[in-house]
Amino acid sequence: LFDGVYPFYPQQRKAAVFDISTIIVIVVFLTLACSFLLIILGIRGRARLYWTLRVLLSLAMGMVIVVVQFTGDWERGWVRANTSYKSFSPALVSADIGLHVGLAGVNVTMLGAPVRQLNETIDYNEHFAWGADYEQSYGAGLQKGLPTPILYVAEKFRARSPCGVQQQYRSAGRYASIALWVAFCTWLISNVLFSTPALVYGGYMLLLTSTFLICSLLSFSTVRTSLLCPIQFGPVALHTAYGGSFWLTLAVGLLCLLAGVTVVLLHHFNLDLLKTFFDLRGDLAEECQEMSQVYSNPHFVSKGL
């Protein structure tokens, strides 16, 4: 034995803690933020505070828009139940069974309470992607002998299941993802426009970004209009609700809406304050600068011209 496991046999899968795509996106945006913090040292006065607020807030918006594409907690639910562990075995285990629905698929988790039961470590996190890959993942789970609760929950989302919810979740996730990518494009355009004197158009693009974010939420919410097949474990049932990614997207959408409305209102009612916040007050001063001295021709002055 090597650390209690036969070295020449495949070991039990470990539960995933973080998604690699999410980590990559977060690292990229944190790198941009750190690079800006080094540049901000060369800006003097109150403009440094304005630049820091604008850039960090904009990077946070963009990071959330991209990250929620890869997260798996748009809809989630947990239940603790005493259930069978393996097929054709009367042994029961106490475990927390979780369901996490994302835009690209569904994750089913199972965590023992306690983790060590029946001389095994009960800690599973299995991902099933929508589409043709779902049947392949489900078939691979059957061959590996995944715990019965995981296969039972995953079976509810099969295309052949009488529940018929896979197509709804798949379509809702696809359209929500498209809306998020369009929102990311409009966010990029708004940042370009905010670096030009056309600030009001940047505000309009923020309003458009907010619109697409809300459209992605409405698209995903359509799956809640249909009843999900009951996921029953004895006397208890697994119920789902909107997860962290859904509420985070809603918060960023409202933030974009507030920022866009503020920029548009300041453009119409207090343009000087808006230009000061975006560090364009110097250009306005050059446009309105008056001549300190005037040189006149005495010949024309004497003639009253």
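Glycine too: its Cβ is placed from the backbone N, Cα and C atoms.
Since this is a predicted model, take the numbers as computed values, not measurements.
Annotation comment: TrEMBL describes 20-43, 55-72, 92-113, 175-194, 200-223, 244-269 as transmembrane segment.
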| field | Other parts of the chain folded back onto the transmembrane segment (55-72), taken as Cβ under 8 Å at six or more residues beyond its ends | value | 19, 21-22, 25-26, 29, 32-33, 36, 40, 100-107, 127, 177, 180-181, 183-184, 187-188, 191, 209, 213, 244-245, 248-249, 252, 255-256, 259
| field | Spatial neighbours of the transmembrane segment (200-223) far in sequence, C-beta under 8 Å, 6+ residues away | value | 61, 65, 74-75, 103, 165, 168-169, 172-173, 175-177, 179-180, 182-183, 186-187, 189-191, 193-194, 246, 249-250, 252-254, 256-257, 259-264, 267
| Close approaches to the transmembrane segment (244-269) from elsewhere in its chain (Cβ under 8 angstroms; 6 or more beyond its ends) | 57, 60-61, 64-65, 68, 71-76, 102, 180, 187, 199-200, 202-207, 209-210, 213-214, 216-217, 220, 277
